[in-house]
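Trainee: I am attaching a structure below and will ask some questions about it afterwards.
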Amino acid sequence: MALLSFERKYRVPGGTLVGGNLFDFWVGPFYVGFFGVATFFFAALGIILIAWSAVLQGTWNPQLISVYPPALEYGLGGAPLAKGGLWQIITICATGAFVSWALREVEICRKLGIGYHIPFAFAFAILAYLTLVLFRPVMMGAWGYAFPYGIWTHLDWVSNTGYTYGNFHYNPAHMIAISFFFTNALALALHGALVLSAANPEKGKEMRTPDHEDTFFRDLVGYSIGTLGIHRLGLLLSLSAVFFSALCMIITGTIWFDQWVDWWQWWVKLPWWANIPGGING
């Protein structure tokens, strides 16, 4: 693949965290580095083990292939390969691949002399994954509380986990996470629409500037966050959504064991609701 006109001058040696100059090269447009090799190794090994699991399961249908964690009776110990051991090794591979990819992003940032915002953001995705397959199962005492690797089976796990604690929508951290997800979608949809509007003016007119974009929202709602500010806001909203998604899971079954609707009894029991005729406490 041909280099872009400006690309070659940014391909400079150095900035590596591990391995020195050994893997400090590119394959086409892709920077390799030690962590690129590590990512490939972990990803390839994980895929091979998933294929092995498919052989043991007796199906090659992608919708039916599923790698299950060990049964609850194994606790936090190792399990035979066919009874959850493959899931444990694949989880190690997935974690290794994700962390290596993030560190590869760090090396690219070091080469370009830019901030570490991208690997920092990706670290939140890793946090969410590890919450489900490592932190929460360890806190609950068994790998069997983690989700299986399968298209349909992991959806069944989500449903079963939710209904185990009643209506999961009453989980306050879940409420906050969903609010951030929707707000993030709204903010970035408005941002994308605004940029496309400025880039596609009426026929015969020049492309509009950020001043036009700012003026639109000042006219609309009285305030514009600005071209840089909207990206800061988008990052804040998206990271908050991921953080509270992880939080809503880590507190379920570890510090809260009942149905989530019961958590809201503190609201019902507030003194100013008491003795209201026809009210819940009346």
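The backbone N, Cα and C atoms fix where each Cβ goes, and this holds for glycine too.
Pulled the feature table from Swiss-Prot, pasting it below:
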- 2-32: topological domain 'Cytoplasmic' (TOPO_DOM)
- 57-83: topological domain 'Periplasmic' (TOPO_DOM)
- 113-116: topological domain 'Cytoplasmic' (TOPO_DOM)
- 140-171: topological domain 'Periplasmic' (TOPO_DOM)
- H154, H174: (7R,8Z)-bacteriochlorophyll b binding site (BINDING)
- H191, H231: Fe cation binding site (BINDING)
- 200-225: topological domain 'Cytoplasmic' (TOPO_DOM)
- F217: ubiquinone binding site (BINDING)
- 252-282: topological domain 'Periplasmic' (TOPO_DOM)
Trainee: List, in sequence order, the same-chain residues at least six positions removed whose CB sits under 8 Å from that of the residue listed as 'ubiquinone binding site'?
Mentor: L194, Y223, S224, I225
Trainee: For the topological domain 'Cytoplasmic' (2-32), could you work out the same-chain residues 6 or more beyond its ends whose Cβ comes under 8 Å from its Cβ atoms?
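Mentor: Answer is 103-104, 106-108, 110-112.
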Trainee: Who are the long-range neighbours of the topological domain 'Cytoplasmic' (200-225) in its own chain, taking Cβ under 8 Å and residues 6 or more past its ends?
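Mentor: Beyond its ends, the topological domain 'Cytoplasmic' (200-225) has Cβ neighbours at 194, 233.
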Trainee: Using a Cβ-Cβ cut-off of under 8 Å, list the residues of the same chain that are 6+ residues beyond the ends of the topological domain 'Cytoplasmic' (113-116) and lie near it.
Mentor: 106
Trainee: Roughly how many angstrom lie between the C-alpha atoms of H174 ((7R,8Z)-bacteriochlorophyll b binding site) and H231 (Fe cation binding site)?
Mentor: 24
Trainee: Return only the integer: C-alpha distance in Å from H191 (Fe cation binding site) to H154 ((7R,8Z)-bacteriochlorophyll b binding site).
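Mentor: That separation, Cα to Cα, works out to 33 Å.
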